Amino acid sequence: MKELQTVLKNHFAIEFADKNLLETAFTHTSYANEHRLLKISHNERLEFLGDAVLQLLISEYLYKKYPKKPEGDLSKLRAMIVREESLAGFARDCQFNQFIKLGKGEEKSGGRNRDTILGDAFEAFLGALLLDKDVAKVKEFIYQVIIPKVEAGEFEMITDYKTHLQELLQVNGDVAIRYQVISETGPAHDKVFDVEVLVEGKSIGQGQGRSKKLAEQEAAKNAVEKGLDSCI
């Protein structure tokens, strides 16, 4: 944990008073289960707390940043920011993937690169930071790690391409829109999906992503950028 403490101190000016709390935040259930006799705590409870404070602070930021956006748009943007893939990306940006304590089986199966585990650890860290410091310190960290990406428009880009495409195509009546996986490559824990979107059986766009949902969004974006003429 000393290397993690160095990263936190040098990059984020964070020094934990309770080192055990920090260690718990990076302890996956698989590691705790393999060391039951030591009664090691895992990070699920801290994840619960971190999720709550993250939702609160992102909601507050969006409410103040976009005074004219309706509730529905704010909710969609927040969902994009706090989704699993985003949280895993934040964890990687912070080098957190290097410090998660995993059981041997989970490590062997590629758990260190799994979005679910990384996202959970990121939220657990926020929960630990809240308990060790206060909500102001969590906010400072979020504004350093997450908010610059929000303001750069990273989450606006794919907010609603599927809905936008549907609205464009159905302006003159219902049409059958379907997404299908063309191929998937890579190991189970790090797959890449290729998806195409079809209208009345005709392929109108293709996209790639590390989840089916992201690939579908990219396919919809591809179709929108081609224009309606190619879709009908």
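Cβ from N, Cα, C; glycine included.
In Swiss-Prot, the Mg(2+) site is described by D120, E123, and among E44, E47, E196, E200 the residue recorded at this site is E47. For the domain 'RNase III' (5-134), the number of residues in each DSSP class (helix H, G, I; strand E, B; coil) is 97 helix, 2 strand, 31 coil.
Each residue in the domain 'RNase III' (5-134) has a pLDDT score, and their mean in this model is 95. Comparing the recorded positions E47, D51, E123 by how many other C-beta atoms lie within 10 angstroms of each C-beta, the top residue is E123. In this structure the C-alpha atoms belonging to D120 (Mg(2+) binding site) and D51 (active site) are separated by 9 Å.
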